[in-house]
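Comments concern the structure below.
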Amino acid sequence: MPDTARSRAATLPHLRRGRLAKGDPIPLPLTMAAIFHAPGDATGFDQYGRFSNPTWDAVEHMLAHLEGAPCVTFPSGMAAISAVFFGLLKAGDRILLPSDGYHTTRALAERFLKPFGVAYDLRPTSTFLDGGFDGYRLAFVETPANPGLDLCDIAAVAEAVHKAGAILAVDNTTMTPFGQRPLDLGADIVVAADTKAPNGHSDVLFGHVASRNADIIAAVSGWRETSGSIPGPFEAWLVHRGLETLEVRFDRMCASAEVIARRLKDHQAVSGLRFPGLESDPSHNLACAQMERFGFLISFVLASEDKAEDFINNCALMQAATSFGGVHTSAERRAKRGDAVPLGFVRLSVGCEPVEELWQAIEASLDGVSG
Ligand SMILES: Cc1ncc(COP(=O)(O)O)c(C=O)c1O
């Protein structure tokens with residue numbers, strides 16, 4: 001079978017098959033254990049819950065299958081990003097971050113990297129290539145960036161970053177490995193919050209780091225084991241279960257987002273619409289070149305803070321919530337999180353509801369704030 005998103009989706013639910021003995025349960029058993037039977041020589045088996053756990057192994061096997069690279073899991077997306085920074089950087093290093101990506105990544109750099117002697121600069125995602133990468137140890141991008149949905153060209157950035165002797169990490173949270181595979185485009189590291197679409201049910205925080213570079217995997221694994229930033233086995237088990245349906249959920253969410261974005265474009269209450277799948281979007285050509293799908297996030301602006309709040313709160317098929325990627329459609333007015341966006345800016349995460357019913361609810365709520 002050729003290695004494609006479809007073939008990966010087809011084989012994903014059968015990954016455990018080759019390891020099963022007669023009578024083993026087919027669903028993944030949950031191993032809740034801090035200690036393991038450990039007589040004699042201490043090498044080559046599970047010994048202690050901070051070093052390894054069979055439930056982590058299973059979810060990492062799935063994620064590795066999807067990313068095409070070894071994966072290390074963490075208790076949240078931020079824990080995965082922290083592992084990359086604290087596992088790989090040292091005092092005197094300088095890194096480059098997106099100015100318009102997830103705000104907590106910038107906060108991590110400001111509050112914790114800077115006092116340890118790691119400097120950082122910010123650059124907009126859409127012009128990330130401008131200015132080059134000389135002097136940086138690591139460049140970090142998010143594409144599409146949360147919440148503005150600008151893109152950058154991962155392959156071009158990877159090439160320029162490597163020429164400058166640096167490494168490139170991509171936060172792929174908004175796309176998942178079914179929407180975009182940054183390692184195939186030349187990135188050295190993928191980080192992601194599996195809290196979002198991979199788990200998909202909004203009941204777990206989780207994250208992972210993937211890389212084809214063994215030294216990078218060793219560094220983030222070492223960080224996890226030593227710092228104790230370990231995922232809980234139950235959370236790993238839930239994410240394993242979520243991943244089994246990721247492809248079908250992601251497919252529905254992306255298809256619905258395309259329908260809804262086209263209709264939002266024609267609604268009089270909506271301005272500043274961003275969705276990479278729209279031909280009119282400034283990132284559309286790049287999206288076609290580097291993404292398998294256009295994602296399930298849409299952003300747009302309503303006339304005021306109140307109108308945006310009313311639109312979200314009065315829509316019968318929408319949860320007012322931060323985060324995204326769940327089975328429920330949800331939305332948030334991002335200015336309240338401190339993002340540099342207009343007061344009426346809405347980030348919409350399209351869920352798994354049937355699209356016509358979802359659109360009717362969105363349209364009714366938009367009509368209520370029109371004029
Ligand atoms: C793009 C992006 N990266 C990382 C994170 C952090 O994930 P977590 O909340 O699981 O720590 C988020 C959370 O919203 C995010 O949107």
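Please read every residue number as a count from 1 along the shown chain.
Even glycines carry a Cβ here, placed using N, Cα and C.
Taken straight from TrEMBL:
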MOD_RES   LYS196  N6-(pyridoxal phosphate)lysine
Cβ atoms near LYS196 (N6-(pyridoxal phosphate)lysine) (within 10 Å, other residues, all chains): 25
Mapped DSSP class for LYS196 (N6-(pyridoxal phosphate)lysine), helix or strand or coil: coil
